Amino acid sequence: MTLPVNPADNLAALIRCPSVTPAEGGALTALEKMLKLMGFSANRPVFSDDNTPDIENLYARKSGNGPHLMFAGHTDVVPPGDEKDWKHPPFAAAIEDGVMYGRGAVDMKGGIACFVAAVARHIEKHGNIKGSISFLITGDEEGPAVNGTVKLLEWAKQRGESWDASIVGEPTNPNALGDMIKIGRRGSLSGTITVHGVQGHAAYPHLAENPVRGIVTLVDSLLYPAFDEGTANFQASNLEVTTIDVGNKATNVIPNKATASFNIRFNDTWTAESLQAEIISRLERAARDNRLRQGRETPIKYELTWRERPSHVFLTHDEKLIGTLTASVEAVTGKRPELSTSGGTSDARFIKDYCPVVEFGLTGQTMHMVDERVALADLEGLTQIYERFIADFFG
């Protein structure tokens, strides 16, 4: 029996599955075959929710006596866009000059392929693992993330599963393999402000109520002053206005409504609840500011709607997990990785409620881009890092 020890072969098999979210595309089936060659038992639960597509997931475990390590990730990928723009077809896994091209090469089928190869090499060299390893893999990370990791974790917990540590194989390195381990993530909170006015002729503003003046005032209150200056482990919280809409194409008509959406990435100065309270307080004060409203005395009429569920800030403190992975990266690459909390959210935000979690994978320079690609040397390097980590983690 040949074990899946070659990360490039593993990745090619996964890339050739067109698993554009929410489609499974054969990717979980291909992964399940690899894992069963190593003696893993596997389950493929499907989760549903209102107004979202049904999503297939995979949970596989190889049990032993000792700690339980979870590898987590996703096989769904973003659309490739116009395939004519690609140097090689996005689902062909073509190799040119030591580089493999394909959608998901780094985000994050490459990480999965390397961890599979690392486990296979460990088994080939040492036989049984001194503990348990599980793969918790979803097909709903690039989509709404409703029927994926968050439900798969609860499903597994209800069946008696628990974990001592987890690695998420997202592409964490900005420039080169070994640059960065993610040990936490900022929180994320989104909302929409709607200001109601009175439509009218632009030449007769006294007969109308321009909501644009109100939305500008409210948005300004969220942009300044800064929410904080950052903390020891996190950069400063940052709010970005992502849309401003009035639904009005006429230049001589005052609109009757204006909306603005925003997203804020926040640090451990705040909880989602305390940040919501701060935003509400700022808006309430700003609603009484009539400097842009031509002397009107009534407060700005507005509504605030919170969008989706917030992602909570977290920081992992597990010394064994972080120390073992750091030493493994340094041993293979010769450099000590930065421990970082930068970047966006990931499914680690769900896992942190079940066990300590870190993120480490390939280099993310081409993720979501045309000609997404990975150097075969990086696949081998990441596999060696994972293999060393597995050996040291289980002692």
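In case you wondered, yes, glycine gets a Cβ from its N, Cα and C as well.
Over in Swiss-Prot, the protein carries these features:
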{"type": "BINDING", "residues": "His74, Asp107, Glu170", "note": "Zn(2+) 1 binding site"}
{"type": "ACT_SITE", "residues": "Asp76", "note": "active site"}
{"type": "BINDING", "residues": "Asp107, Glu142, His368", "note": "Zn(2+) 2 binding site"}
{"type": "ACT_SITE", "residues": "Glu141", "note": "active site, proton acceptor"}
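Here the features listed in Swiss-Prot are placed on the structure.
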| residue | record | DSSP class |
| --- | --- | --- |
| His74 | Zn(2+) 1 binding site | strand |
| Asp107 | Zn(2+) 1 binding site | coil |
| Glu141 | active site, proton acceptor | coil |
| Glu170 | Zn(2+) 1 binding site | coil |
| His368 | Zn(2+) 2 binding site | coil |
Next item on the list: Note down the number of other Cβ atoms within 10 Å of the Cβ of Asp76 (active site), including every protein chain shown.
Entry: 27
Margin query: Can you tell me which of the recorded positions Asp76, Asp107, Glu141, Glu170 is spatially closest to His368 (Zn(2+) 2 binding site)? Compare CA atoms only.
Written below: Asp107
Check: Can you tell me how far the Cα of Glu141 (active site, proton acceptor) sits from the Cα of the residue listed as 'active site', in Å?
Finding: 7
Check: Around the Zn(2+) 1 site recorded as His74, Asp107, Glu170, what other same-chain residues have a C-beta within 8 angstroms of the site's C-beta center?
Finding: Gly73, Met108, Gly111, Glu141, Glu142, Val168, Gly169, Pro171, Ser346, Gly361, Met367
Notebook entry, point to check: If you measure His74 (Zn(2+) 1 binding site) to Glu142 (Zn(2+) 2 binding site) at Cα, how many Å is it?
Noted result: 8
Note to self: For each of His74, His368, count the other CB atoms within 10 A of its CB; which of these binding-site residues has the top count?
What the structure shows: His74
Note to self: For the C-alpha pair, I'd like the distance in angstrom between Asp76 (active site) and Glu142 (Zn(2+) 2 binding site), rounded off.
What the structure shows: 6
Check: Fewest other CB within 10 angstroms, which one of the binding-site residues Asp107, Glu142, Glu170?
Finding: Glu142
Next item on the list: Have a look around Glu141 (active site, proton acceptor) and count the other CB atoms within 10 A of its CB, chains all included.
Entry: 24
Next item on the list: List the Cα distance (Å, whole number) between Glu142 (Zn(2+) 2 binding site) and Glu170 (Zn(2+) 1 binding site).
Entry: 12
